[in-house]
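Enquirer: Quick one: this structure, given as structure tokens, is what I'll be asking you about.
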Amino acid sequence: MRARARPHTQARIAAQESNGDYPVADESHRTCIEAVLTRHVYEAVQEETRMGASLLRLHFHDCFVHGCDASILLDEENGEKFSPGNKDSVRGYELVDIMKESITSQCRVQISCADILALAARAGVQAVSPPHRMPIWNVTIGRYDSKYSYANLTGALPGTDEPMDKLMQKFADQSITDVKEFIALIGGGHTIGLNHCGFAKRRLYGNDTTNLYSDPEYITFLEHMCPETQSVQHDAEVSIALDNKTMNIFDNGFFASLHKGRVGIKSDQLLGDPNNPSEIRAAVELFTDNEDAFLEAFSAGMETMGNNGILGSDEGEIRAECRHPNGNYR
């Protein structure tokens, strides 16, 4: 992977040819947008490392529901943002507001909230990556924002308790059909960030076969951190690293933890099932031993996902404020 010395020299934003009426028309606009956004992301990550993972998750959860259209940002009662799959696990909304305002005022151009999410996810990942081991992928601009929120479609989000075949189908529904990209996105999404006891307890205190190929000492650790009688409120207050090897660094450490049976979420540990299809087992083994292969597949998967379900000007808009549509469309 190529090194990048300064944040604003990362992979360039590319104009999306299919949306020729998009207002970001020249290189100076794109350069300004990237510089302003990246500065805000790096400052936020410096203050709280977890924000890198939060921005990645925010983009991920947006794209899986009706495409990459910023519908997750809408402050709509009973909307996506407040659905069970997002309410207590997705964050970073305030930072998006700040970036939107800064870009509008400093670059004197409107950019969609959907494009901000895509750019911020890349910047967030790169902010917690070693400079010489940084995933690089192209982010096109030209997405339009949805006028609506789609809480009824949040079932498209991958669940932590779902079997492997169902997870693969949900990724395929987002045009991610390459097994390596699928595995890399799961591992990349969970090589940084935190988990809470509510997710861990689902596998600890039931008939969960993933415990059979987990490190017994790690299971004991989870049981100590997340006792069965612990309250739901306390569950939400206890944080557990998704990757206990290098939780604050974007690398292939997740796969090393997986190999040792030391990941907390059921769907993650399913990747280590010795009965998985050979292509899954081969990808996991490859990424455990070869970080370059992981970074390449992750970057390809992010580009695939980020270009899925993009709206044009005939279906969407460029919101003035990311939390609200420009008009009353109900």
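Quick reminder: no glycine exception, Cβ is built from N, Cα and C everywhere.
The structure displayed is predicted, hence computed values, not measured ones.
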Enquirer: Looking at the candidate ranges 1-23, 208-230, 254-276, report the one that TrEMBL labels region 'Disordered'.
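Expert: TrEMBL lists region 'Disordered' for residues 1-23.
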Enquirer: So TrEMBL lists D62, V65, G67, D69, S71 for Ca(2+) 1; which of E48, E80 goes with them?
Expert: E80
Enquirer: From the list C32, C68, which cysteine is recorded by TrEMBL as disulfide-linked to C63?
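Expert: Of the candidates C32, C68, the one TrEMBL pairs with C63 is C68.
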Enquirer: Name the residue, out of T191, T288, that TrEMBL lists for the same Ca(2+) 2 site as D243, T246, D251, please.
Expert: T191
Enquirer: Let me know how many other Cβ atoms fall within 10 Å of the Cβ of D69 (Ca(2+) 1 binding site).
Expert: 27
Enquirer: Around T191 (Ca(2+) 2 binding site), which residues of its chain at least 6 apart sit with Cβ under 8 Å of its Cβ?
Expert: L242, D243, T246, I249, F250, D251, N252, G253, F254
Enquirer: List, in sequence order, the residues of the same chain other than D62, V65, G67, D69, S71, E80 whose Cβ lies within 8 Å of the centroid of the Cβ atoms of the recorded Ca(2+) 1 site.
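Expert: Other same-chain residues with Cβ inside the cutoff are H61, C63, F64, H66, C68, A70, I72, S146, S149, Y150, L153, G309.
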Enquirer: Can you list the residues of the same chain, besides T191, D243, T246, D251, whose Cβ falls within 8 Å of the Ca(2+) 2 site's Cβ centroid?
Expert: I192, K245, M247, I249, F250, N252, G253, F254, A256, S257
Enquirer: Looking only at Cβ atoms, how many others are within 10 Å of the one on C32 (disulfide bond)?
Expert: 18
